[in-house]
Amino acid sequence: MRKRYFSIVRLLVVVLVVSSTHTVRGVLSSEDTFLWTWIGGSNSTGSSGSYGVQGVPNTSNVPPARYGAVFWTGADGVLWLFGGGSDLRDVFGDLWNYNLSTFSWTWVGGSASLNSAGVYGSRGVPNKSNNPPSRTESASWSDSYGNLWLYGGWNFISAYSDLWMYNVSSGEWTWVQGSNETNVPPTYGPLGKSASSNTPGGRYQPATWVGLDGQFYLFGGFNPSGSTYGDLWQYNPANNEWSWIGGTQQQNPSGSYGKFRQASPSNYPAGRLGATSWRDLDGNFWLFGGFGQIETFGRLNDLWLYNISSREWTWMSGNDSVGLDGEVYGEKGVPSSSNTPGYRSFSSGFLDSTNTLYLFGGVSRAVCNDLWTFNITSLEWTWVDGDNTTDGAYSYGELNKTSNTTLPPPRYGAVLWDTYQNDPVLFGGLGNSGLLNDLFTLYIATPTPAPTPTPTPTPTPMASPTPSVTAEPSATTNVTQTAVGEGSAVCFPADASVLIDGLGNHLQISELRSGMAVMGVNGRGQLVEDSVLGWLHNEAGATAEILAIKTLSGKQLRLTRQHLVYRMIEHSRDFYGMTTAFSCISQKQQQQHQKHIRQSLELDTSAVEAVFAEEISVGDALLDVAAHLPDPVVAIETFVTHNGLYAPLTRSGRFVVDGVLVSCYGTYASHAVAHAVLWPARVNALRKVWGSGLGTEGIVGIMPYAERLYHIWTSAARVLTEARISVVVAAC
């Protein structure tokens, strides 16, 4: 294992060395871009699993094989699932969670027996003895408080219309709303009007979304009488009421497709079950495929967009008919307007941090294990991974070993947790040979573009406005700094403040632990939920020189000289003029100007660059994450900390310190390259195998993997520099 570890280190350092003189087009080849890892469960079908002791996590625990389970990603990154089908007669009623940090399952609650009746208790009253009846193919949502919500589903005979909430903190279920009877018909009420008597009724396999407004949305589904729904519902957790907000009350509707790629208030998709749904980074809802009826009953391949603001549907791709197969794979990895996953249902989906829709598996002409992407800008499908034949070739590979030959077996009705970054987790489903309970992670290694050099501004004879606060001379001249990692220390002091949620709460950086939730920033400059994977540096009591970069808004970012921080590019030269001008214009004009800047930051990702902290100067601007505005630097001071140095590693590679956007990395001048070569630290299976070598909890000092990279890189850079000098001398 140690030999393999350092072989990968040497390989990745080659990428660093080459990138110092050449354009880096991609750290991994196209065929290595999508890397699956089998991390748990059985590699055979029909496994009975192992419950263990209720409430006690254990790496030997695993849920029995199942399909159609309802699932959630918790606010803390813990993965949850409930229920599911065992066969066409029996259903589960157990609640499980999986901790990505400890790689352990926990049977949290519910019965280990099939077809449990559940305990409703009193409506609206939480109780530890409450538990929903066993069911499969339910709807689910999670709210901003981390609570898990469950609606409907069925037990292969009858459909439920009850709404439940599970409080993760208290460990209690609450029967919130709806009937404890089965097969209840919908009560619609007037369109767009909420009421306590409204209900979507008993149904299963609907599509669901959580809006940016915090409301829960539900479309379509199926009832035991054999009819599909084509209605859109909204649930408000604040007033505990449903609203029918679109579509039709008619059962088995053929939809109203309208004109291709033209929104209209009269458009709505055909009724369906088993569709795949996504919410993009702008808050729009997407819906693909499933089973429905357009003249005849069959599979669908249409893709729809729902704009939550205008409340309009748009038919974006696919056909307004049903079919049996229709896949057009094209060339692997190459987008095309003619590509299509074909008519399919019961697929799994997730969204990555670049706003790309992913579709995995499902049922088409056969049970599939192919992976597709849909680019919502170019409106093109791309087959990116998996098998494109009806054979469904697959390979488990070795347990906990990442390989470009590993590929999950074909399946449908699987659980696919979207962890809001690039490591989705796949569990179970129904395959060609039976039920599955295997667990896979998917690492997506996006090719890393070459860092764009910052253009040198042309000097201008105009005098720049003098800032009101100037940088003071360093008071630490001749101070002896304790060497930490021989110059490789790129960290923050112990009391640096880290943003941990969207409500503005913070923790000191020294208080972070692996698995804790923090706020990251995606490629569009938007705050996203993220998590701490481990430590790049964790050394209590260490001493080092710290830069204190002060901004106009009063923030003070504290970090070592060679840590990467994001500096504004386009607007950084005009901030003092901008702040002076602000005092001369109306409040309305100021608000309009700020809105324009925010839009520019969101839409133009070239507006920021990652640079060493020592390269920041008075007059530059950092990114104030909360305001989403440039924050001019007005002073830079230095001091010495004796209280320790800390640098956490997050999944996105970015986080918010002292209110400012920063990178997790340093020493090497490119955030993109550093993020790419540290990919093993983001692969759950590798962290499990290599442990402290990849910065897991308990490490003291610098992550061994990162430190090894640093030493090899500096040695290689020194050789390259000496070689260049020799060439210059010879030329002279």
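Glycine too: its Cβ is placed from the backbone N, Cα and C atoms.
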Given the ranges 42-65, 450-473, which one is assigned the annotation region 'Disordered' in TrEMBL?
450-473
Tell me the residue counts in helix, strand and coil for the domain 'Hint' (625-670), as DSSP assigns them.
0 helix, 31 strand, 15 coil
Averaged pLDDT, computed only over the residues in the domain 'Hint' (625-670):
87
